[in-house]
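A short write-up of the structure that comes next.
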Amino acid sequence: MIVHLITSFIASAAFGILFNAPKKSLLKCGFVGMAGWFVYIFLVNKEFDAVVASLVAAFVIAVISQIFARMYKTPIIIFSVAGIIPLVPGGLAYDAMRHFVVNDYNGAIQLAAKAFMISGAIAVGLVISEVLYQLFMKIKFKQPKKAN
Amino acid sequence: MENRFPQTYEVIELCLLAGKIMLQCGAETYRVEDTMSRIAASFGIPQSHSYVTPTGIIFSIDGTEPAKFMRISERTTDLYKVTLVNGVSRKLSSGEMTLEQALIRLKEIQDADFTFPIYQQIIAASISSGCFLMMFLGQWSDFIPAVIAGGLGFVCFVYIHQILKVRFFSEFVASLVIGLIAFLFVKIGVGTQLDKIIIGSVMPLVPGLLITNAVRDLMAGHLVSGLSKGADAFLTACAIGTGIAVVVAFY
């Protein structure tokens with residue numbers, strides 16, 4: 001588990017460099033990536049489905065990114081992108097491609113569908129967090145008006 | 001009209017420049033539109049309309065001024081510039097910056113090059129390849145092969161892209177090189193798991209930013225830009241897949 005935490009931290013921070021995130025935010029990128037991967041691995045080890053694990057992890061990443069974006073007044077995309085990268089189903093897509101190449105179309109389609117589901121789950125996780133955030137802000141800003 | 005809004009022309013120019021920089025550097029569509037309308041609003045123009053796609057921006061202010069259009073040809077990922085432009089728009093909204101200052105600042109941002117030195121990017125790509133290998137349950141003995149394959153693949157991608165300017169082809173060659181190197185390592189006995197090495201090394205090329213942006217654009221109702229970004233991501237994924245598939249087919 002410790003190996004996972006360290007490597008996911010480094011990998012996410014390195015992706016911050018590739019995407020040219022501001023130098024100050026590299027460590028935070030790494031932290032977001034580490035948190036997301038921790039949730040994902042934790043759920044997968046508890047024998048949850050990879051799709052569910054990706055959804056929850058993406059949600060956690062988006063929430064942390066929202067908080068960081070508020071705290072440091074930077075666009076949220078800096079943190080969320082670096083955090084999402086480890087979850088992208090590159091391995092599944094690769095396996096699917098492998099099956100395509102050896103003419104095993106049935107296996108390939110199954111794997112490709114799974115990869116598609118996981119990317120959808122990541123996106124839904126991000127969107128849910130965004131919707132909740134906007135809902136939260138609306139409620140928060142409506143309260144003072146009612147008091148008046 | 002001209003007398004009532006003496007600055008209108010400059011405001012449009014400022015909005016378009018801000019939008020152009022953000023779009024070129026990989027910001028989400030809704031952020032680009034939001035920034036442009038915020039800047040316009042900070043100069044007392046509440047009604048502005050923008051239509052943003054990954055290849056061009058149309059921006060117009062209600063009134064007699066004609067709509068203006070700006071073409072976006074090259075798109076990269078440079079989150080630092082997105083942050084800087086965001087900062088400028090914040091300062092404009094709070095009144096800390098004047099129109100002229102903002103224009104000068106944005107032109108500076110447009111021309112400057114903030115990217116990390118190329119060797120640092122290569123090191124980052126190599127190390128992240130190795131780390132991904134471990135995250136995908138690889139073995140430590142495969143760490144070095146993944147680092148080398150990922151690094152060389154990234155070098156190929158960067159240099160071929162500089163020469164050819166065709167993203168699809170440079171990604172194809174890069175993944176082909178990664179596949180060949182990984183295969184070579186396994187063949188001479190340094191690496192053990194070909195699959196894990198390839199998956200780890202390919203990760204720096206994967207279009208993660210595009211996929212997430214595409215879906216968020218779609219969900220936010222920017223259908224055209226969402227679909228075109230999705231197509232872009234799909235092409236990239238195909239290029240990587242084809243490069244690897246060539247190697248696997250021979251293997």
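Glycine too: its Cβ is placed from the backbone N, Cα and C atoms.
Mean pLDDT for the domain 'Threonine/serine exporter-like N-terminal' (B:14-250) in this predicted model: 86. Look at TrEMBL and you will find B:14-250 tagged as domain 'Threonine/serine exporter-like N-terminal'.
The transmembrane segment annotation in TrEMBL covers B:114-137 (among others).
Sequence-distant contacts of the transmembrane segment (B:143-160) (same chain, six or more residues past either end, CB-CB distance under 8 Å): 118, 121-123, 125-130, 132-134, 169-171, 173-175, 177-178, 181-182, 185-186, 190-191, 196-198, 200-205. Feature annotation from TrEMBL assigns transmembrane segment to B:143-160 (among others).
Residues annotated as transmembrane segment in TrEMBL: B:172-191 (among others). For the transmembrane segment (B:172-191), the list of distant contacts is 141-142, 144-146, 148-150, 152-154, 156-157, 160, 197-198, 201-202, 205, 239-244, 246-248, 251: same-chain residues at least six beyond its ends, Cβ to Cβ under 8 Å.
Panel annotation: around the transmembrane segment (B:231-250), residues 54, 167-169, 171-180, 182-183, 198, 202, 205-207, 210-211, 214 of the same chain, lying at least six beyond its termini, place a Cβ under 8 Å from a Cβ of the stretch. Residues or ranges marked as transmembrane segment in TrEMBL: B:231-250 (among others).
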